[in-house]
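Now, the feature entries from Swiss-Prot:
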DISULFID  Cys59-Cys292  disulfide bond
DISULFID  Cys72-Cys84  disulfide bond
DISULFID  Cys107-Cys153  disulfide bond
DISULFID  Cys296-Cys320  disulfide bond
DISULFID  Cys488-Cys492  disulfide bond
CARBOHYD  Asn27  N-linked glycosylation site
CARBOHYD  Asn28  N-linked glycosylation site
CARBOHYD  Asn40  N-linked glycosylation site
CARBOHYD  Asn104  N-linked glycosylation site
CARBOHYD  Asn144  N-linked glycosylation site
CARBOHYD  Asn172  N-linked glycosylation site
CARBOHYD  Asn177  N-linked glycosylation site
CARBOHYD  Asn286  N-linked glycosylation site
CARBOHYD  Asn304  N-linked glycosylation site
CARBOHYD  Asn498  N-linked glycosylation site
LIPID     Cys555  S-palmitoyl cysteine
LIPID     Cys562  S-palmitoyl cysteine
LIPID     Cys565  S-palmitoyl cysteine
SIGNAL    1-17  signal peptide
TOPO_DOM  18-529  topological domain 'Extracellular'
TOPO_DOM  551-566  topological domain 'Cytoplasmic'
TRANSMEM  530-550  transmembrane segment
Amino acid sequence: MKAKLLVLLCALSATDADTICIGYHANNSTDTVDTVLEKNVTVTHSVNLLEDSHNGKLCRLKGIAPLQLGKCSIAGWILGNPECESLVSKKSWSYIAETPNSENGTCYPGYFADYEELREQLSSVSSFERFEIFPKESSWPKHNVTRGVTASCSHKGKSSFYRNLLWLTEKNGSYPNLSKSYVNNKEKEVLVLWGVHHPSNIENQKTIYRKENAYVSVVSSHYNRRFTPEIAKRPKVRDQEGRINYYWTLLEPGDTIIFEANGNLIAPWYAFALSRGFGSGIITSNASIDECDAKCQTPQGAINSSLPFQNVHPVTIGECPKYVRSTKLRMVTGLRNIPSIQSRGLFGAIAGFIEGGWTGMIDGWYGYHHQNEQGSGYAADQKSTQNAINGITNKVNSVIEKMNTQFTAVGKEFNKLEKRMENLNKKVDDGFLDIWTYNAELLVLLENERTLDFHDSNVKNLYEKVKSQLKNNAKEIGNGCFEFYHKCNNECMESVKNGTYDYPKYSEESKLNREKIDGVKLESMGVYQILAIYSTVASSLVLLVSLGAISFWMCSNGSLQCRICI
């Protein structure tokens with residue numbers, strides 16, 4: 001009996017066997033990503049794909065400063081409003097910045113024909129040559145070119161007029177018919193602007209042009225229009241009851257434009273030979289110009305980012321990330337981050353059987369932890385880690401390269417009468433934006449799911465690699481660990497890690513230890529059976545003695561009568 005109890009104690013005592021475990025890296029990262037199946041999954045490493053910051057400034061693009069119109073509008077700048085005189089010398093720019101409430105536009109009130117289309121044309125222009133299309137002194141010898149000024153276009157307290165137009169008036173009591181032409185020899189498109197004056201009454205018409213009925217004719221290969229002044233009293237705007245309507249056309253190289261009139265012509269003085277440049281544009285912004293360089297400019301500020309997406313502003317100029325409405329686009333590159341032994345939630349542990357990551361393993365994503373008589377330690381599996389890093393890096397770079405189409409996205413111009421078209425355009429743009437946002441988010445969700453599954457598979461493969469080497473020389477004890485049936489020193493452990501484990505070398509020792517352990521189990525079972533029998537017999541005797549004592553007590557006090565019949 002003593003021998004059996006000794007065997008039992010030996011079986012119950014813990015064995016100090018050598019072990020090796022397969023595990024994965026964990027750290028103190030708080031990065032979270034979303035997948036198709038889960039939200040806010042904490043991971044060890046991730047990359048952000050969404051730029052959400054800007055510097056709040058207007059910066060140079062490719063070393064070229066923008067054209068800041070200040071208090072002037074596009075109309076004020078291109079017509080030459082006297083209050084915009086500082087802009088006359090500007091010849092090149094990376095983009096044009098206009099404030100939302102620019103004060104100086106058309107100083108003399110009137111209608112600017114096809115203004116939105118002109119803005120659209122200028123948005124693709126990066127420089128121009130301003131030149132005299134009809135020199136002031138020599139082109140109009142029979143007309144007055146100095147008295148055409150107005151208080152509405154005053155400059156430094158004096159009446160003035162646009163710097164790029166001439167208001168031709170009567171000279172010496174007459175306004176002879178005029179005919180003037182220009183041939184475009186610039187080898188570029190030339191922007192030509194002019195106007196037609198509409199007086200408020202017939203007296204002004206006669207005073208300025210010496211005739212009641214007048215006309216203005218403008219003709220080129222692609223433009224042909226005849227204007228008749230509309231004389232009528234109108235509400236005062238900028239203290240003017242008259243109006244000037246403004247017109248423009250683009251003259252192709254080699255084309256000719258002809259002006260004919262017998263009154264009311266606001267003649268071209270300066271024209272512009274346009275140079276178009278990819279990436280230019282017009283933005284409306286209150287931001288100030290700063291001494292900074294950027295690759296991408298938005299109305300909010302400049303963006304310096306190589307990320308494929310941004311949520312700063314849909315209007316961009318330069319090499320810009322694609323705008324999406326997302327608030328988070330983060331792609332996982334590492335593993336699920338579970339630093340301690342805890343559940344991974346609905347989907348269990350990583351690789352299906354390992355409950356927690358190792359913060360002690362810092363030199364790789366997957367690896368080993370061993371324990372033997374010589375000590376314990378962590379070691380990364382460099383080959384599987386490097387293969388995973390290469391694969392994921394290539395995938396992330398591929399995603400960024402495919403989605404990182406840098407481009408300019410400027411707003412489209414519509415006038416007040418085209419409100420329905422503008423609303424329709426917004427709906428179309430919103431639809432495209434929703435599609436882009438959905439595609440970006442779905443791409444990230446799918447790739448995150450694939451990456452985490454990829455890591456799970458790598459851990460599982462590493463486990464199976466060890467299992468296939470050890471075979472029955474060790475037993476699986478759960479949580480990714482194996483317990484050796486033989487002594488495994490550091491050299492032995494290293495052979496398991498590098499795939500050179502010598503199974504036959506340790507198989508005999510393992511077999512003997514397995515048989516000993518199996519024998520201990522059988523002896524333990526015999527002891528447990530003996531103890532069970534003794535326990536049953538002892539319990540029965542105690543029960544019988546108790547019943548006898550109770551019966552004797554009851555018979556002695558008369559509570560129980562006992563009769564024996566023969």
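For all residues, glycine too, the Cβ spot is worked out from N, Cα and C.
Structure with Swiss-Prot features highlighted.
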residue	record	Cβ within 10 Å
Asn28	N-linked glycosylation site	8
Asn40	N-linked glycosylation site	9
Asn104	N-linked glycosylation site	19
Cys107	disulfide bond	25
Cys292	disulfide bond	13
Cys296	disulfide bond	25
Asn304	N-linked glycosylation site	14
Cys320	disulfide bond	25
Cys492	disulfide bond	19
Asn498	N-linked glycosylation site	12
For Asn286 (N-linked glycosylation site), name the DSSP secondary structure in the helix/strand/coil scheme.
-> coil
Of Cys59, Cys72, Cys84, Cys153, Cys488, which of the disulfide-bonded residues has the most Cβ neighbours inside 10 Å?
-> Cys488
In terms of DSSP three-state secondary structure, what is the assignment for Asn177 (N-linked glycosylation site)?
-> coil
Which recorded positions from the set Asn40, Cys153, Asn177, Cys492 come within 10 angstroms of Asn304 (N-linked glycosylation site), judged by C-alpha positions?
-> none
Closest to Cys320 (disulfide bond): which of the recorded positions Asn28, Asn177, Cys488, Cys492, going by Cα position?
-> Asn28
Simplified DSSP label at Cys84 (disulfide bond) comes out helix
Specify the nearest of the recorded positions Asn172, Cys492, Asn498 to Asn104 (N-linked glycosylation site), where nearness means the distance between Cα atoms.
-> Asn172
Cys488 (disulfide bond) to Cys72 (disulfide bond): how many Å between their Cα atoms?
-> 84
Over all shown protein chains, what is the count of other CB atoms within 10 A of the CB belonging to Asn286 (N-linked glycosylation site)?
-> 12
Cβ contacts within 10 Å for Asn27 (N-linked glycosylation site), all chains included, total 18
Return one of helix, strand or coil for Cys153 (disulfide bond), based on DSSP.
-> strand
What is the one among the glycosylation sites Asn144, Asn172, Asn177 whose Cβ has the most other Cβ atoms less than or equal to 10 Å away?
-> Asn144
Find the one among the recorded positions Asn28, Asn144, Cys153 whose C-alpha lies closest to that of Asn172 (N-linked glycosylation site).
-> Asn144
Quick one: which of these recorded positions, Asn28, Cys59, Cys153, have their CA within 10 A of Cys296 (disulfide bond)?
-> Cys59
